[in-house]
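Enquirer: Per Swiss-Prot, active site, proton acceptor is recorded for 177. Residues or ranges marked as NAD(+) binding site in Swiss-Prot: 7, 8, 9, 10, 11, 12, 13, 34, 94, 117, 118, 119, 227. The substrate binding site annotation in Swiss-Prot covers 81, 87, 119, 153.
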């Protein structure tokens, strides 16, 4: 199984590469690409870690050598948020980067499963889909927006609030991956109940957690380490499912039946070819139902922005 990380010299990319080097199954190949000249050196650095994962690094304008034979491609390339920016301010720079990289994927490894980490995910996934469609290689079961950071944050914050072990809490998060489009389904956590105020406060904290990190880093970056962990969790789940492990479920942002929006994050059963089954979002509380209805306009606008960027 070959995994390629695009944007591997950045804060997320390096953290992700480290976790994949130490956690991918024995015999896997890890391929690192970034425009930055340091990238082959990042691979050399990681190659000294004693695991049975072969690693190579590539830099420059052309990602082709890194993509050849890739089964999974994780895209973390792009600029990070600074204080005062929201994820959509990133659009102008990151849209072009994602478009370019996905065009190269469409040429070199069109069968690969793709996980898009680059923000704004609500929009960059739509860009990726349209690029793949234009190239005639789009498979909606193989393109994912990685929203796992919202899930791990939810797990952490709920565990803190309720005095539970963070490893025992699993919160489904649906919708999108910015602001009001992030909807943690707090009503669906077994054996945990919340007051209305706790639900309102927790939901808001989960939605604004990225800003919390941006502000705490005081202009020195955004959430890179927790995002690296989240992306690794998603990538490793995908690899395990593609290698035949049964019952692997992760939430991610994918094209579904369009019931809520063309792209929507929901629980997915993963399999050998990506998404095996889009699972139901289950029964929502009144608060969740209202939040869901309230986000759809924003989500649809974010998606249209990406579609128009490719098709204009």
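Residue 1 is the first one shown; counting continues down the chain.
Glycine is no exception: its Cβ is also placed from the backbone N, Cα and C atoms.
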Enquirer: Between the recorded positions 81, 119, 153, 177, which lies closest to residue 94 (NAD(+) binding site), Cα to Cα?
Expert: 119
Enquirer: Taking Cα atoms as reference points, rank the binding-site residues 7, 118, 119, 153, 227 by distance from residue 177 (active site, proton acceptor) and give the first.
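Expert: That would be 119, the closest of 7, 118, 119, 153, 227 to residue 177 (active site, proton acceptor).
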Enquirer: Can you tell me the three-state DSSP label for residue 11 (NAD(+) binding site)?
Expert: helix
Enquirer: Work through the binding-site residues one by one (9, 11, 13, 227) and name whichever has its CA nearest to the CA of residue 119 (substrate binding site).
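Expert: Given the candidates 9, 11, 13, 227, the nearest one is 227.
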Enquirer: For the binding-site residues 7, 11, 13, which one has the sparsest Cβ surroundings, going by other Cβ atoms within 10 Å?
Expert: 11
Enquirer: Under DSSP, is residue 118 (NAD(+) binding site) part of a helix or a strand, or is it coil?
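Expert: For residue 118 (NAD(+) binding site) - judged by DSSP and reduced to three states - the answer is coil.
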Enquirer: Do you know which of the recorded positions 81, 153, 177 has the most other C-beta atoms within 10 angstroms of its C-beta?
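Expert: Output for this query is 177.
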Enquirer: Please report the distance from the Cα of residue 7 (NAD(+) binding site) to the Cα of residue 153 (substrate binding site), rounded to the nearest angstrom.
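Expert: That separation, Cα to Cα, works out to 23 Å.
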Enquirer: Which of the binding-site residues 13, 118, 227 has its Cα closest in space to the Cα of residue 81 (substrate binding site)?
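Expert: When the Cα distances are compared, 118 comes out closest.
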Enquirer: Where residue 153 (substrate binding site) and residue 227 (NAD(+) binding site) are concerned, what is their Cα separation in Å, rounded?
Expert: 10
Enquirer: Highest Cβ count within 10 Å among the binding-site residues 94, 119: which residue is it?
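Expert: Answer returned by the neighbour count: 119.
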Enquirer: Among all the protein chains here, how many other CB atoms are within 10 A of the CB of residue 9 (NAD(+) binding site)?
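Expert: The answer is 24.
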Enquirer: Give me the count of other Cβ atoms within 10 A of the Cβ belonging to residue 227 (NAD(+) binding site).
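Expert: A count of 25.
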Enquirer: With every protein chain in view, how many other Cβ atoms are within 10 Å of the Cβ of residue 118 (NAD(+) binding site)?
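Expert: A count of 29.
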